[in-house]
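Participant: So TrEMBL has the following annotated:
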- 101, 106, 111: oxalate binding site (BINDING)
- 104, 106, 111, 152: Mn(2+) binding site (BINDING)
- 30-45: disulfide bond (DISULFID)
- 59-206: domain 'Cupin type-1' (DOMAIN)
- 1-20: signal peptide (SIGNAL)
C-alpha cells in the first residue's frame, strides 16, 4: 500500500492539474499599473484609491479592422487595465472574404467566439488519438467554444466580410501559430527532423520555411 504522504502528494498534484487556470485574485480588483518596474506573473496593481471608471472600460471594438494582409485577418484586443488578474480577455476578429485565422493554439485559455456578421467555418482538432476534427459553419449570432490547448482555426466562407467577438479564459491566453512556429522558429528546427515528421523531402521543408 502507498504511504499516506505519497497518496496525499499525488492527490494534491491531481487537484492542481484539474484546476489549472489564472490564479484567483486576492482583492476586488488589481488595475494594471503599466508604468511599474515590478515584474510579476501579470502586472502590478495601481493604488486602489486612484482607480477610475475608465480603468474598467474600453471602446473601439465596433470598428472593423484592416484585413489587407496575406491571411485576410485583423485582430483587435480590448485594452482594459481592470482585467488584470481577473482571468479573462476580449478580442475582435475581422475576416476578408476567404480570410483565415490560421491553425493555432492558446496554451492558457479556452476561447468562446460569437459571430457578429457573415459566415465562419470554425473547427478544432482533438488530442491523440484520434485527432478528430470538430467543425461547423456559423452564422450571425452563433457561438462556438474552442477548448484550452487544442489546435483550432476560423475561415470566412461567405462572399462578404465577416466579424466575430471572442473571450478567452485568461488575461494572457498565449498564441502559438502552428505553421509559423514549426517553419519560422529561431533558430530553425533541423530540416531532417521536419522532413521525417511530415514525411517529405528536405527540399519541400526548405521551400515552406522560405515563406516564413
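Each Cβ is built from the backbone N, Cα and C atoms, and glycine gets one as well.
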Participant: Can you give me the Cα-Cα distance between residue 152 (Mn(2+) binding site) and residue 111 (oxalate binding site) in Å, rounded to a whole number?
Facilitator: 10
Participant: Pull the DSSP breakdown for the domain 'Cupin type-1' (59-206) and write it out as helix, strand, coil residue counts.
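Facilitator: With helix first, then strand, then coil, the domain 'Cupin type-1' (59-206) has 22 helix, 55 strand, 71 coil.
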Participant: What Cα-Cα separation, expressed in whole Å, is found between residue 106 (oxalate binding site) and residue 30 (disulfide bond)?
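Facilitator: The separation of the Cα atoms works out to 24 Å.
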Participant: What count of other C-beta atoms do you get within 10 angstroms of the C-beta of residue 45 (disulfide bond), across all chains shown?
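Facilitator: For residue 45 (disulfide bond), the count of other Cβ atoms within 10 Å is 20.
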Participant: To which of the binding-site residues 104, 106, 152 does the lowest count of other Cβ atoms within 10 Å belong?
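Facilitator: It is 104 that, of the binding-site residues 104, 106, 152, has the fewest other Cβ atoms within 10 Å.
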Participant: Mind giving me a neighbour count for residue 111 (oxalate binding site)? Other Cβ atoms within 10 Å of its Cβ, every protein chain shown.
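Facilitator: Taking every protein chain into account, the count is 21.
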Participant: Hey, how far is residue 101 (oxalate binding site) from residue 30 (disulfide bond), Cα to Cα, in Å?
Facilitator: 32
Participant: Round to the nearest Å and give the CA-to-CA distance linking residue 111 (oxalate binding site) with residue 30 (disulfide bond).
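Facilitator: Just about 23 Å between their Cα atoms.
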Participant: Which residues, in sequence order, are found in the same chain with Cβ within 8 Å of the centroid defined by the Cβ atoms of 101, 106, 111 at the oxalate site, excluding those residues themselves?
Facilitator: 104, 109, 113, 146, 152, 166, 168, 173, 175
Participant: Other than 104, 106, 111, 152, which residues of the chain come within 8 Å of the Mn(2+) site, judged by Cβ distance to the Cβ centroid of those residues?
Facilitator: 105, 109, 124, 146, 150, 151, 173, 175
Participant: Cα-Cα separation of residue 104 (Mn(2+) binding site) and residue 45 (disulfide bond), in Å?
Facilitator: 31
Participant: Please give the average pLDDT for the domain 'Cupin type-1' (59-206) in this predicted model.
Facilitator: 96
Participant: Same-chain residues six or more away whose CB lies under 8 A from the CB of residue 30 (disulfide bond)?
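Facilitator: Set apart from residue 30 (disulfide bond) by at least 6 residues yet with Cβ under 8 Å, we have 42, 43, 45, 84, 85.
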Participant: I'd like the Cβ neighbour count for residue 101 (oxalate binding site), meaning other Cβ atoms within 10 Å of its Cβ, all protein chains included.
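Facilitator: For residue 101 (oxalate binding site), the 10 Å Cβ neighbour count is 22.
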